[in-house]
Amino acid sequence: MTLAPVERRRITLLGDAGSVDLAVPADDRLDDALRRSGLALDPRVQFVVDRNGYQVDPATPGGQLDDGGLYAVVTVTGASRGKRRARAAPAGERRVDHGARWMLLGLAALLAGVLVSLVAEEPAVRMAVAGVLGVAAIAVAIASALRSDRPGAPPPIAMAAPVALAAVAMGAMVPGDLTAAGQLRIAVGLLAAAVLASVLAVCTADASVRAAWGTVALLVLSLAAVWGAALLLRLPIAAAAAVTLGLVPVALRALPSTLVNVPDGMFIDYRHFMSNRWSVRGAIPDSPAAIATADAERVVRASTARLTAGTLVLALATVGAAPLAAPGIASAAPLTAIGTIALFACVVLSMLLTPRHTIGRAARWLPRGAAIAVLLVGVAAVADAVGPTGGLLAAASVFAIALITAIVSLPLARGGSSLVWSRVGDVIEWLAVALALPAALLAANSIELLRGMIAG
């Protein structure tokens with residue numbers, strides 16, 4: 001009978017008597033391994049720290065230790081014992097950071113944007129506000145990076161605070177009397193946010209947070225490219241916002257399939273199952289002999305962080321672009337008005353239905369909250385375009401939507417499900433995602449743009 005090898009973590013432990021090399025089984029607790037090795041610790045005065053100086057819980061499984069890591073036994077006496085008790089408090093007694101402070105910072109960025117719009121005619125005041133916001137963005141980014149690998153790290157919503165402050169700070173530097181100043185402010189603001197997110201993706205200590213910041217940087221940079229291209233093509237701000245809205249359903253649908261970064265041979269043993277090579281000189285991907293639990297957990301944490309961060313960016317982009325694209329509903333050009341209405345319908349349907357395939361509260365409810373915001377903006381724009389009876393139409397529409405939602409929520413609350421309705425939802429979702437970008441191009445009056453390019 002062949003026994004499977006036991007997965008171990010090899011660590012070096014420094015103490016008063018020197019260094020000791022240990023091989024801790026992956027499913028064994030750290031304190032049990034130390035006790036069997038004759039290195040029992042007194043929990044009242046001794047504890048283990050990692051190379052960053054952070055305390056390691058004695059109940060930590062060996063699989064969560066760094067292979068080849070350096071740890072040290074620290075003995076405390078006297079006044080330092082009180083600090084140790086504070087640091088070693090049970091997890092339930094620690095103050096949990098739910099993100100209230102970070103959400104307030106994001107709200108502060110929104111209020112700062114309003115302040116910049118009010119003082120746009122005073123260059124000195126505008127530059128002073130931009131400088132203060134820039135310093136605040138850097139300070140918040142440093143605080144977020146330093147706390148990323150500590151207990152009570154900031155929640156995902158905290159990512160909105162530093163990038164929002166950086167975007168408003170850079171946008172405030174653009175004078176308001178320039179042609180297309182609004183588009184330029186949004187473009188340079190997104191570019192500044194992407195640069196800050198890229199820096200945080202490199203400097204943050206925690207691997208999952210680094211992965212999340214990398215996703216934020218990529219998506220925000222893509223949005224900056226869209227607004228920059230619209231600026232070069234001299235498109236109005238409503239057209240750029242419409243294209244942004246049209247890209248969101250496609251990006252949200254493709255986001256989960258682009259998050260897991262593992263070698264090609266991780267899921268399939270190509271040498272065993274592949275009968276024909278796909279190319280003459282192509283190398284067959286190597287498959288790992290075994291997959292460690294710690295490695296799988298690391299990949300899952302990084303992928304989940306990417307999904308949450310990407311969903312947050314797309315939801316915020318949707319909420320920000322909807323009011324800017326709404327004036328197209330009242331456009332005198334029929335194609336633009338029809339395209340804008342179709343765009344709002346596609347965005348709402350796709351962002352309500354796409355989260356059915358994801359897990360996690362943030363990935364499910366952020367798009368749905370953004371869809372509700374887009375729906376309200378669209379209803380208000382249609383009511384304004386209709387005229388005197390628009391208010392009554394808007395109220396009736398909101399009441400009908402609320403009534404339908406209440407009726408549908410009753411069987412869902414009882415745990416009801418239907419395969420037929422699920423398939424109908426899939427079809428509607430596919431159509432909404434497929435038609436969102438063409439509707440956005442129609443709302444952006446791209447036909448007239450192509451006519452002008454061909455005629456010119």
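Note: Cβ is positioned from N, Cα and C throughout, glycine not excepted.
Any TrEMBL annotation is an automated prediction that lacks curation.
Taken from TrEMBL, the feature transmembrane segment covers 102-120 (among others).
Summarising the annotation, TrEMBL assigns transmembrane segment to 126-145 (among others).
Look at TrEMBL and you will find 157-174 (among others) tagged as transmembrane segment.
Below 8 angstroms of C-beta separation, residues 52, 137, 141, 144-145, 148-149, 159, 162-164, 166-171, 173-174, 213-214, 216-217, 220-221, 223-224, 227-228, 231, 237, 240 of the same chain, each at least six residues beyond the ends of the transmembrane segment (186-205), sit close to that stretch. Positions annotated as transmembrane segment by TrEMBL: 186-205 (among others).
The feature transmembrane segment is assigned by TrEMBL to 212-231 (among others).
Under the heading transmembrane segment, TrEMBL lists 237-255 (among others).
Residues or ranges marked as transmembrane segment in TrEMBL: 307-326 (among others).
Look at TrEMBL and you will find 332-353 (among others) tagged as transmembrane segment.
Per TrEMBL, the feature transmembrane segment maps to 365-386 (among others). Within its own chain, the transmembrane segment (365-386) has Cβ neighbours under 8 Å at 245, 252, 311-312, 314-316, 318-319, 322-323, 326-327, 329-330, 337, 341, 344-345, 347-348, 351-352, 354-355, 393-394, 397-398, 401, counting only residues six or more beyond its boundaries.
Among the features that TrEMBL reports, transmembrane segment is placed at 392-415 (among others).
Same-chain residues lying 6+ beyond the ends of the transmembrane segment (427-447) with a Cβ under 8 Å from its Cβ atoms: 235, 238-240, 242-243, 245-250, 253, 325, 328, 333, 335-336, 338-340, 342-343, 345-347, 349-350, 353-354, 356. Here TrEMBL flags 427-447 (among others) as transmembrane segment.
No contact links the transmembrane segment (307-326) to the transmembrane segment (126-145), because fewer than 3 Cβ pairs that are 6 or more residues apart lie under 8 A. Sequence-distant contacts of the transmembrane segment (212-231) (same chain, at least 6 residues past either end, Cβ-Cβ under 8 Å): 156, 159, 163, 180, 183-184, 186-187, 190-191, 193-194, 197-198, 200-201, 204, 239-240, 243-244, 247, 251, 259, 305-306, 308-310, 312-314, 317.
Sequence-remote contacts of a segment are chain residues at least 6 beyond its ends whose Cβ falls under 8 Å from one of its Cβ atoms, and for the transmembrane segment (237-255) they are 180, 182-183, 186, 219, 222-223, 226-227, 230-231, 307, 310-311, 314, 317-318, 321-322, 324-328, 339-340, 343-344, 346-347, 350-351, 354, 367, 374, 429, 432-433, 436-441, 443-445.
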